[in-house]
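Below is one structure; the comments refer to it alone.
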Amino acid sequence: MEKAAGSPSVGGSCPQKNAEILSSQYGINLFLAGLLLTFAWAVHAVGISKSHLLSYLITLMLIQLLWMLWYLCRSCTQRRLIRDKDTHAGARWLKCGITLFAVITLILDSFKIGYYIDFSNCLSPTEGIFPVTHAVHTILQVYFLWCHAKDIIQSFKTLERFGVIHSVFTNLLLWTNGVLTESKHQLNEHKERLITLGFGNITIVLDDHAPQCNCTTTTLCSIFSQGIYYLYPFNIEYHILASTMLYVLWKNIGRKVEHHQQHKTPFKFHGITVGMIFGLIVLTSTIAIVVVYLIQIGRSKIKSELALTMFYLHAIFVLALMCTAGIVALLIYRLEDRSLDNSKNPARKLDAELLVGTAAGSWLLSWGSILAIICAQAHPKYTWYNLPYSVLVIIEKYIQNLFIIESIHREQEKVNDDIKTLRIVTISRGSTLSLTPSYKEIYNGRAARDSGEVPCLFKGSICGRENGGGGSKEETSQENSSVMHSASDFSFYSRNSVTNNKRRVLKNIAAFLFLCNLSLWIPPAFGCRPEYDNGLEEIVFGFEPWIIVVNLAMPFSIFYRMHSAASLFEVNCKT
């Protein structure tokens, strides 16, 4: 679609840079318009209803559906063409993760359809059209990402930039809509619980968007309305993962890549037993804590305070373990002398930026809690546990970010576990020649091919070289007896053993941190949020300002845990 006039490197770069700038500005304006519409609905602005917001989102999804269908059809017609691929983008485990979230999102859509049918007398038709459109959008988008997340687009680049960036910000708006809807539900429950903690001076005004009519089937309506809010966390993660994968696709448009064989790094459970056991203990205990917390909070003042104390003590213990594990991993890295891979990689760059950017959400909440504890005049006993908890949240994320970012930038070892560099001696017509090819070269036949000889391994294997006229067994036996171990062989095995032990420790740490991050994702995602229920911050900062801060920061804090878990899974595979 684009023609390069004159020098391809100069003439083609300026239009493409302009197309990148124009498409990004288009996406930002698309997002800002939707964001303001969402905000207007949330604050009950005059003339703005939920149907207007849903109509806007439906329109965006339909446009994205048309673009994806066009791209898929064009890809089918050009199936025989060899296309560049970004081997770092769209990892299989990431695709499996987004597929899992998409399946749960489809269940959410089915609940919404059922909810609309039961309240169809007083709901807008857009509330029935939206989940149907969203379900179709989800199915096609997951298929698109499975097939084309690694693509490096080199044709119709300007058009494709607009199509991909439209998809990125459509998913971000759907994520924002899900976050807002789920936050409003959590806020209503939080306001009702504050009275039990003794904060009667806070005005309780429920923000109700419930239908103004009776349900046709009461039992089903209750199941649908309650089930929807338990499924929203998965829907939120689905859209943010989709937007990040599409953003990498957008950054790869027109990119020139070096063609080299990508080293596959499959996940293996072997060697990470210790990390998995401790991680599963943390995961199991966290689920139990969340269940007890949700049951006890809001029942009475004493039960609520006990639930908060229990949560803080458990979180302090887990965060302290994670800090210790992260420090050990960083110390191991300091002892190793391995260079960093600084090559251009949009997926890796985005991972690092998301880790630091989303960590700022929980850092903001932690500093708010620390300031509230310092400035508050009265301090209930349970609020003092909030101080070490908030400090550890800041330190743990700082250490974990350093570990993950360094891990994904470290160059992979060229030699696998089962490929050892050995000291060998070859026999050439009765004389010995000391050579040091690697076992990998022997396996591939390169050493033999280059020297014209067949190398021998001293570890009980038979040495020999194929001659034109053949050789006697006695001669071969005499040649084998001349093979001797050198002192350097033993020093190599010692170094290799130390390296393997370090790698085993790092893999266990990555596995442990992976499960810990999944564990810490569960409480805020399913309504266990002491930042809401603590009550101290609302007194110091005021109810409305603190709630705004929590509602803005909490989605980033939740996403940080899931993104960290995904990054640590990659680190475990890579180590």
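Cβ coordinates come from backbone N, Cα and C, glycine included.
No curator has checked TrEMBL annotations; they are predicted automatically.
Features as listed in TrEMBL:
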- 26-47: transmembrane segment (TRANSMEM)
- 53-72: transmembrane segment (TRANSMEM)
- 93-117: transmembrane segment (TRANSMEM)
- 129-146: transmembrane segment (TRANSMEM)
- 229-250: transmembrane segment (TRANSMEM)
- 271-295: transmembrane segment (TRANSMEM)
- 311-333: transmembrane segment (TRANSMEM)
- 354-379: transmembrane segment (TRANSMEM)
- 505-527: transmembrane segment (TRANSMEM)
- 539-560: transmembrane segment (TRANSMEM)
The transmembrane segment (93-117) and the transmembrane segment (354-379) contact flag, 3+ Cβ pairs under 8 angstroms: no
Same-chain residue ranges lying at least 6 outside the transmembrane segment (26-47) that approach it to Cβ under 8 Å: 53, 56-57, 60, 162, 165-166, 168-170, 172-173, 176-177, 180, 184
Positions whose Cβ lies under 8 angstroms from the transmembrane segment (271-295), at least six residues beyond its ends: 307, 310-311, 314, 318, 321, 504, 507-516, 518-520, 522-523, 526-528, 572
